[in-house]
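*Asks:* The structure under discussion is supplied below as structure tokens; questions concerning it will follow.
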Amino acid sequence: MMIAVTKRTIPVIPLRGLVVFPYMMLHFDVGRQISLKALEEAMNSDQQVLLLAQKDPKQEEPSPEDLYQYGTVAKIKQMLKLPSETSRILVEGLSRAKVIGYVSVDPYFLVEVEEYKEKGGNLDDPELEALIRNVVSAFEEYARLTSRIPPDAILSVTTIQNPGQLADVIAANVIVKLEDKQLLLEQVDLKERLTKLYELILREKEIIEIERKITIKVKKQIDKMQKEYYLREQLKAIQSELGEKDSLFSEAQEYREQVQKLGLSNENLQKVYKEIDRLEKLPPNSPEIGVIRTYLEWIIDLPWNVKSEEKIDINVVKNVLDEDHYGLTKVKERILEYIAVRKLKNNLKGPILCLVGPPGVGKTSIAKSIARALNRNYVRISLGGLRDEAEIRGHRKTYVGAMPGRIIYALRQAKTKNPLILLDEIDKMSQDFRGDPASALLEVLDSEQNYAFRDHYVEIPFDLSEVMFIATANTLETIPRPLLDRLEVIEITGYTEEEKVEIAKRYLFPKQIEQNGLKKSQIRYDEAVIRDIISFYTRESGVRNLEREIARLCRRVAKEILEENKKMVRITTRNLEKYLGVRKYRRDELIEEDRIGIVTGLAWTPFGGETLSVEALVMPGSGKLELTGQLGDVMKESAKAAVSIIRARAKELGIDENFYKEYDIHIHVPEGAIPKDGPSAGVTMATAMVSALSKKPVRHDVAMTGEITLSGRVLPIGGVKEKILAAKRVGIKNVILPYENKKDVDELEDYVKKDMNFVFVKAIDEVFKIAIKE
């Protein structure tokens with residue numbers, strides 16, 4: 001076989017799941033832009049393209065690395081433009097080609113190739129003649145075994161004289177796998193190609209023979225089943241004549257007796273009886289028997305009328321809740337209110353609560369305690385990442401592998417119709433093409449509808465009105481409004497330092513001492529150690545990391561006791577770093593003296609309150625306002641509003657009225673790596689600017705927070721408790737707050753307000769008078 005090798009450049013059309021051989025004539029659709037551009041280029045020149053198969057058919061935008069190196073040079077015989085911005089082309093394979101380099105990849109692939117054109121073959125070569133005979137013989141045997149080969153293809157093989165064409169035509173009709181086709185396309189040497197083709201045909205022939213054996217075996221089994229069905233029907237008739245009962249009949253009777261005890265309404269009872277009747281009439285080998293059995297078992301296992309006896313002793317419930325959790329007053333109060341009303345009114349529906357707060361504050365664990373206090377069975381449903389509506393409502397019975405939703409599953413697990421069901425992480429559900437689980441929960445959490453909750457699988461209404469639902473969330477922002485409307489929201493703020501100390505003393509240390517195999521006598525610590533762990537090793541709203549650090553401390557103590565044969569280890573603030581390593585955080589520090597342009601603000605973070613030092617600097621310039629410290633858009637707008645307020649009051653404040661033309665103001669909030677935003681720093685930035693412009697110092701023992709308007713009003717802010725605690729932590733006792741936040745301060749615990757002086761202001765002028773020294 002003579003092969004002429006020529007080099008040329010040619011545009012490429014990438015193919016998905018298709019390998020084209022020389023001498024093949026076929027049509028396919030071209031829709032990708034990269035292919036349409038290559039097609040356009042080819043039609044403008046010699047109407048020839050290189051067809052390269054993709055290694056991964058799923059790749060939408062292939063790169064050169066995603067294409068095979070060998071392909072087929074093809075001539076475009078016809079092109080038809082379709083309405084959907086695609087073109088249907090008819091191509092004829094001409095010759096093999098190997099890509100030796102990419103000339104360009106945009107807007108289409110243009111490659112340099114070595115093209116291999118075959119020119120006849122030496123048919124006098126005995127080895128070649130033998131290979132051709134073997135391939136043709138194997139092909140004819142394969143064609144007799146299968147109906148896949150079209151008759152015209154079989155006929156054309158007998159008339160082909162060119163050995164290369166013969167190999168390619170047979171390969172195109174016999175080989176199924178894309179990788180095998182590509183392997184043959186890459187065989188430039190004719191003898192090697194025929195040898196490999198012969199191996200692949202034999203393998204395909206073997207697969208066909210195995211398929212035939214499987215078909216015959218399955219047919220025999222079907223015949224056997226039909227015979228068995230006929231005999232069983234005869235046996236049924238004989239048993240009926242003799243008055244005997246078969247196994248399905250007795251099984252159906254057993255199901256009827258069990259269903260009768262469930263206390264279902266007559267309408268629902270008839271629905272279940274229909275399924276039992278179907279089971280009775282089915283042939284013993286029917287696949288539907290398993291489906292009906294599973295359904296009936298679900299119906300029987302559900303607690304239709306089973307209740308746990310609820311505790312309605314308000315003092316007992318209060319003691320249990322206090323025993324398990326410190327603080328969480330709002331949640332406990334709401335449960336005690338429910339108990340009080342429940343005692344006065346027997347048919348009270350279960351409340352639907354939503355506990356919202358940062359991680360680690362005890363939302364999930366308080367739910368478990370509530371269940372224990374009320375003597376209700378407890379079941380937790382994790383909703384985080386849920387995106388399929390069927391997870392809530394269940395799948396319809398018609399689907400293969402259908403199962404009930406999580407609500408019904410939880411009820412079967414609880415074994416009572418009045419459990420406490422915790423819907424954990426309700427804010428982390430999402431939706432996709434399978435539906436919106438949040439919408440499915442609307443019926444579940446609506447006390448006016450959930451007395452007849454209908455699961456798609458069970459199809460019988462179930463009364464959820466006696467279930468106590470408690471949902472947990474970290475934020476309300478991602479909960480859809482209609483769903484949020486059905487929830488009674490109880491916000492759980494982060495714990496104060498005092499609360500964390502009490503929790504550590506009462507619960508965390510005793511628990512970790514026990515879990516790490518220690519005795520109380522083997523470890524000594526005082527309150528100062530707990531405060532140091534809270535301040536320097538954890539920075540969170542909850543106590544999850546605090547418990548981790550205490551656990552680490554106990555493990556180190558256990559290790560030291562065993563290694564050094566000690567009877568007792570004393571932990572102090574001095575040796576704490578030995579057990580927990582270097583401090584992870586530093587304590588907020590108080591500004592020690594009155595300074596010009598430096599003001600202490602108060603900020604809220606997910607980890608609690610923080611003091612925020614705001615610095616202002618004035619320098620000659622052109623009125624530019626520079627803001628640094630990674631401030632968000634809201635803070636930047638507050639700074640601009642502050643400048644306008646000061647301009648309007650410049651004369652009263654004793655400031656040069658042209659300061660906005662002659663001076664540049666630079667405001668910086670330290671710890672620039674941390675993003676900061678929110679409107680509550682408005683009064684702080686305004687005070688810092690006035691101090692810097694008037695050259696008057698700001699009192700270092702005053703902290704402030706509040707949003708400002710252009711008219712100078714001070715608006716209320718959130719996170720009051722956390723901000724006051726932050727001021728208290730650094731030793732600041734004077735706090736300026738918006739007047740409308742007075743009610744929030746009144747609700748705070750006494751220990752938070754102790755030794756603190758609160759000044760409530762309505763206007764920014766009051767802030768300037770209090771904070772700036774004359």
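Note that Cβ sites are derived from N, Cα and C of the backbone, with glycine treated the same way.
Below are the features I grabbed from Swiss-Prot:
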type	residues	note
ACT_SITE	Ser680	active site
ACT_SITE	Lys723	active site
BINDING	Gly357, Pro358, Pro359, Gly360, Val361, Gly362, Lys363, Thr364	ATP binding site
DOMAIN	10-205	domain 'Lon N-terminal'
DOMAIN	593-774	domain 'Lon proteolytic'
*Asks:* Of Pro359, Gly360, Gly362, which of the binding-site residues has the most Cβ neighbours inside 10 Å?
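*Replies:* Per the Cβ count within 10 Å, the most buried is Gly362.
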*Asks:* Rounded to the nearest Å, what's the C-alpha distance separating Pro359 (ATP binding site) and Lys723 (active site)? Just drop the number here, would you?
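*Replies:* Rounded to a whole number, the Cα-Cα distance is 19 Å.
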*Asks:* List the other residues in this chain whose Cβ sits within 8 Å of the Cβ centroid of the ATP site residues Gly357, Pro358, Pro359, Gly360, Val361, Gly362, Lys363, Thr364, in sequence order.
*Replies:* Leu355, Thr472, Asn474, Ile492, Ser541, Gly542, Arg544
*Asks:* In angstrom units, rounded to an integer, how far apart are the Cα atoms of Ser680 (active site) and Lys723 (active site)?
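*Replies:* Distance between the two Cα atoms comes out at 11 Å.
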*Asks:* Could you tell me which of these recorded positions, Thr364, Ser680, has the greatest number of Cβ atoms within 10 Å of its own Cβ?
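*Replies:* Answer by Cβ density within 10 Å: Ser680.
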*Asks:* Name, in the order they occur in the sequence, the residues of the same chain whose CB lies under 8 A from the CB of Val361 (ATP binding site) and which sit 6 or more residues away.
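*Replies:* Same-chain residues close to Val361 (ATP binding site) (Cβ under 8 Å, separated by 6 or more) are Leu328, Ile492, Thr493, Gly494, Tyr495, Ser541, Gly542, Val543.
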*Asks:* Any idea which of the binding-site residues Gly357, Pro358 has the thinnest Cβ neighbourhood at 10 Å?
*Replies:* Pro358
*Asks:* Given Gly357 (ATP binding site) and Lys723 (active site), what distance in Å do their CA atoms have, once rounded to a whole number?
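*Replies:* A Cα-Cα distance of 17 Å.
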*Asks:* Given the binding-site residues Pro358, Gly360, Gly362, Lys363, Thr364, state which is nearest to Lys723 (active site) when distance is taken between Cα atoms.
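*Replies:* Result for Lys723 (active site): the nearest of the binding-site residues is Pro358.
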*Asks:* Tell me, roughly as an integer, the mean pLDDT over the domain 'Lon N-terminal' (10-205).
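*Replies:* A mean pLDDT of 85 is what the model gives the domain 'Lon N-terminal' (10-205).
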